[in-house]
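As given in TrEMBL:
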{"type": "DOMAIN", "residues": "58-199", "note": "domain 'Glycosyltransferase subfamily 4-like N-terminal'"}
{"type": "DOMAIN", "residues": "216-347", "note": "domain 'Glycosyl transferase family 1'"}
Amino acid sequence: MRILVLHNLYQQRGGEDAVVEAETALLRAGGHDVRIEKVHNDQIVGFASKAKAFANAAYDAGRYCWMQDILQDYPADIVHIHNFFPLLTPAVHAASTDMGVPVVQSLHNFRITCANAMLLRDGQICEKCVGGNKLWGVYHRCYRGSLPGSLAVVNMQIRAQRESSWFRHVHRFIALTEFGKNKFVRAGLPADRIVVKPNFLSMGAPVPREPRSGGLFVGRLSEEKGAHLLIEAWRHLPDVGLTIAGDGPERKRLEATAPANIRFLGQVDPAEVAREMARAAFLVIPSICYEGFPMTVVEAFSRELPILASRIGALAEIVTSGANGDLFEPGRPDSIVEAVRRFLSEASYGPRLGAGALRSYLSLYTSERNLKQLETIYAEAIEQRAADMAANNV
């Protein structure tokens, strides 16, 4: 199969970029012909380029022509789009269907319905725009606190809704979890075109086992990730170590207030993350926002590392208490303390959950399973495109 992959890279590399690279490599290893086209937000430099990007975010006619040229040069069987904001725009979806090529859209975040993409405002869950008035996103300046930026995102959302773009130009959406799918259905996407496919991870190189002890946090040190809750919780866990791997705007404040049993590593490479996972007794994810599908979850499961996570959004779907980890109430340090003490109360509990974590990985998150899922989704998109054309007598 000839597959054209499109992705708008962010200014800072993130999980979506890693997923795009991993899926592309997986498809090629599976025998498919894959061409990937990327644009980068680094192109947006200065006022003029920023104003142009915002003005064209809803639909860029030049990008429509760009897409047609690519498809003439590379007659794809399927177009798989990841992030399209702000440079690719929904014009690439329209150009693909106008050229007769089925489109698959991965939904890595909630940008289609939420200006800040996280359904989070002022540190609290906010779903005002999910199936509601998108202008709340402008009123609250939800895109990075910027009025022009928020207008650009909301204009894209409203235009796509008005023109039924997602129904007319996307044949399959990929949601990462059932939780995510339900939110997108509420936002107006067609339920029968949304397929749930989680992220995956190829089994990493074995890491020498060490005696497991303490907790591990891996992620960005920003408010929505909840690391500040760990600082408070670990004041009540003086005999339990915690390692924090990651960087972000909250790091200095967290380091200044952390008790002595917390160790900060800063930003570390994947090999060091793997070594820390081999040492830790559990991974802790205290997010107060709706996560998409953190890759650290899949890696932890693949390394027999149980997860203690907030009972919120997709995390409550991925982590099953007593099977591959445990859940605590979001935003509550006391609930984190209870979960850690429960985890440590029985010597066999951690290894039992670790075995369950590995079972979760092997049954749901392997590359072999993911390849089959992608191939099935592409086949369904091709069938959907044919059905749409027949229904419209095209």
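Along the chain as shown, residues are numbered 1 onward.
Just so you know, glycine gets a Cβ as well, placed from its N, Cα and C.
Worth saying up front: this structure is predicted, and the values here are computed from it rather than measured.
Here the domain 'Glycosyltransferase subfamily 4-like N-terminal' (58-199) is broken down by DSSP into helix, strand and coil counts: 58 helix, 20 strand, 64 coil. Counting residue by residue with DSSP, the domain 'Glycosyl transferase family 1' (216-347) contains 52 helix, 25 strand, 55 coil.
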